[in-house]
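A short write-up of the structure that comes next.
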């Protein structure tokens, strides 16, 4: 039970894609974070299948809640508020999480907060490094999203600076991995292969670089890699998977970090948060640290487990909106597959 001297106990539920995540948070303290992933079920299809994801969430939700509560050493009746992802994401997957959260809120008579998945990726950094400075620029890089945000206040003031106009960075990783006969999801195997490669051996294009915006494009890069591999095979030249992986990874990290640093400079921001599944990439982390150090910018990257989808990010954002005194969401709220980042809380 929460005492007057303690921050409220928040349960967070995440189900926007292929991870069922449940976590318990007090303020910036993570008590438990349990994730059930269906990635292996999607691997044979080479990508996430919405129907498979929804069924996996249905099977995993209750056991994941139980494991998280046990690990946190709390009872569900101890919870002060429940936070749940309402978007963006896959409609069926989101609906499973929202339905579960509504059921718990009604059964326990607790307030429910429907929050934004993307802003959760920023909020989770507080569980790793403490309260966020205000303002920060956030670079979110995942399989479904690549966005630059200006965050003046996590609960009330998040602005979209730019986003991908076609493929997300993580999606490009998956497609390039398939070209190189590497397993799904593509991020980790490309990162491993690139360690033995030369990132300067091949020059791949940097989409939308120097266009005066903070938008991204990775479709042209993916096509350029495909053409390079096809040309090499047609001409009988050996395809060095490590070199292709390293050069591709260099192109992605180059554009992401340059635009992120430029956004910090333009808005007078001295702190950059990088999160999302692709934030676990070693070259992206190294180049971000190098360029931010040169620009006098502090870069904050959560540990890899917190970068991927999880309940901790949703509980962390829930803790923020509760602390801000914002009213709960209505119990008749619906999922929103294209929820804009400016909508931190559904109310």
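Every residue gets a Cβ built from N, Cα and C, even glycine.
Annotation comment: Swiss-Prot describes 117, 121, 309 as Fe cation binding site. Neighbours of residue 309 (Fe cation binding site), defined as other CB atoms within 10 A of its CB across all chains, total 27.
Listed in sequence order, 17, 88, 89, 168, 170, 171 are the same-chain residues at least 6 apart in sequence whose CB falls under 8 Å from the CB of residue 144 (substrate binding site). According to Swiss-Prot, the substrate binding site annotation covers 140, 141, 142, 143, 144, 174, 187, 191, 281, on the basis of sequence analysis.
Each residue contributes its Cα atom, and for residue 117 (Fe cation binding site) and residue 140 (substrate binding site) these two points are 11 Å apart. You'll find the Cα of residue 281 (substrate binding site) roughly 16 Å from the Cα of residue 121 (Fe cation binding site). Within the same chain, residues at least six positions away from residue 121 (Fe cation binding site) with a Cβ under 8 Å of its Cβ are 138, 140, 142, 275, 276, 307, 313. For residue 187 (substrate binding site), the same-chain residues 6+ apart in sequence whose C-beta sits under 8 angstroms from its C-beta are 170, 173, 174, 177, 277, 278, 280, 281. Shown are the binding-site residues 142, 281; of these, the residue with the fewest other Cβ atoms within 10 Å is 142. Surrounding the centroid of the Cβ atoms of 117, 121, 309, where the record places Fe cation, the chain contributes additional residues within 8 Å, namely 14, 16, 85, 118, 120, 140, 142, 276, 310, 313, 314.
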